[in-house]
Amino acid sequence: MAAVEAAKTPRFILLIIEWVFALVAFAVMGHYLFDDRRSSFEYLTAICILVWLVVMIYMVILCCGRALPPLIEAAIFLLFAILVFIAFLVTAVKCNNSETIVIAGQTISRKVCEGESEPKAAAAFAFLLGLLLAGSSVLGCIAFRRPSAPPLSSFQNPTSSV
């Protein structure tokens, strides 16, 4: 019953959206993990996998009727927002770099991500994921600043007796 109540809160819905965005961002970059020319994409993949796991664990914690203190929750999500934003920047810079390739004896200079949509899509999802994580951090700060207000990260009714 507690899991159903937890799933109805805006905080939990935001966590689900973050989980999906992290999943999409690392899933589309998965096949670049062993490509030596694109090793900088591994950072985006690793950070998104880490975010995906942490968000999934936190959803389980919320479904069990627990929640982190709002300030700790805000700090964790702010840290991940910064890491995801750095991963976005690394991916965007790598995609805009030029590389020289040799095809049939001809040397061609082109952008790293030219003709490839996966890194661009992953960068876009990482950017949006960073915004969502920053929003989660703001929600944690709001809950910390107003302790008398209903907790945004919890699903328990503050007026009911325990």
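Cβ from N, Cα, C; glycine included.
Topology check against Swiss-Prot: Lys94 and Arg146 fall in different compartments relative to the membrane. Between the transmembrane segment (12-32) and the transmembrane segment (124-144) there are at least 3 Cβ pairs closer than 8 Å, counting only pairs 6 or more residues apart in sequence, which means the two stretches are in contact.
Around the Cβ of Asn96 (N-linked glycosylation site), a 10 Å sphere holds 10 further Cβ atoms from the protein chains shown.
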